[in-house]
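Feature list (source: TrEMBL):
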| type | residues | note |
| --- | --- | --- |
| TRANSMEM | 12-32 | transmembrane segment |
| TRANSMEM | 52-81 | transmembrane segment |
| TRANSMEM | 93-114 | transmembrane segment |
| TRANSMEM | 165-183 | transmembrane segment |
| TRANSMEM | 212-231 | transmembrane segment |
| TRANSMEM | 251-281 | transmembrane segment |
| TRANSMEM | 293-313 | transmembrane segment |
Amino acid sequence: MTHNAFRTLLQSWDFTITIIFLLVMLAGSFISPYFLDPGNLLETTFNFIEKAIIALPMIFIILCGDIDVSVGSIIALSSLAMGAASEAGLQTAGLVSIGLAVGLLAGMLNGWLITRFEIPAIAVTIGTQSLFRGISQAVLGDQAYTKYPESFAYFGQGYIGGTNIPFELVLFLVLALLTGILLHRTTFGRKIYALGRNPVAARFTGIPVNRLRFIIFSWAGLFSGIAAVLLTSRIGSTRPNIASGIELDAITSVVLGGVAITGGFGGIYGVVVANFLLGYLKFGMGLINIPGRVMNLVTGSLLIIAVVIPELFKQFDVRTNKRRTAL
């Protein structure tokens, strides 16, 4: 490996977050003998897979320079629809279909409002966040839907075959693989990067900007529906505060994974690693009874590092190039 290639590797955020992940796993092995137990590592994924699934479409949204803060409320709305349908006697296949359909329709509403009226995504999704959550709270009040079919529990609690590998985990890995192919190996993905780096130039080159934005926000709604199915079946109930705050966790994992909050840069690998990093970090701190507020402090610190370090590399490169030019 040449000096320049090694330097490029060191400056890669994918490399950096991989090292951080390995250090967390190493530290966890010293903190508790139970940390690296394969069974525990697999069981822990139940606590963060729904967030990781939400993060996948969020990659595309943030790459375009947008943001979606309504995904948690879409989960609540989808869960509400499934709960009401279950109370009416609908069985598992119908419940899953309703959850996915409601999520998709909610995402399509976001995409339509954003593209039709040229309203900033943050403004639209703040509004729909309140709308969807408000509907859930108005219908449920302080009650909950709990009468779900026994077979429905498999999606959020089941395992693959006779193994101890959670169905949720396998589903996430498949979705992540498909997302990575779409982002890094297709024309659609290249258009997303072009849109994020220079929206004006993207329009002039004939990229259908509004269509792309409509698709990715609709996709976020669909994946919110998937997360709603998994989360509702895992906890076995629909409550008005379900998935509250999950959008911030998803955004955190995407930015921590190296996707530039300003758009145009980043990829799937770092985001997948970031989700496992955050999940296992919280698991390790939980094993030694570290309070939740300290966990939030650590997560926030990692997020700041993720934002600052790439900027430091850029500034270093600029100064280096100026010195070379001066010489």
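Every residue gets a Cβ built from N, Cα and C, even glycine.
Heads up, TrEMBL stuff is auto-annotated, nobody curated it.
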With the greatest number of Cβ pairs under 8 Å to the transmembrane segment (251-281), the stretch among 12-32, 52-81, 93-114, 212-231, 293-313 is 52-81
Worksheet item: Sequence gap of 6 or more, Cβ distance under 8 Å, 3 or more pairs: do the transmembrane segment (93-114) and the transmembrane segment (12-32) meet that?
Response: no
Maximum Cβ pairs under 8 Å to the transmembrane segment (212-231) among 12-32, 52-81, 165-183, 293-313 is reached by 52-81
Are there three or more C-beta pairs under 8 angstroms joining the transmembrane segment (165-183) and the transmembrane segment (12-32), sequence spacing 6 or more?
-> no
Other same-chain positions with a Cβ less than 8 Å from the transmembrane segment (52-81) and lying at least 6 residues past its termini are 98-100, 102-103, 106-107, 110, 114, 121-122, 125-126, 128-133, 135-136, 139-140, 145, 171-172, 175-176, 179, 183, 192-193, 195-196, 199, 212-213, 216-217, 219-232, 238, 240-251, 253-255, 257, 259-268, 271-272, 274-276, 279
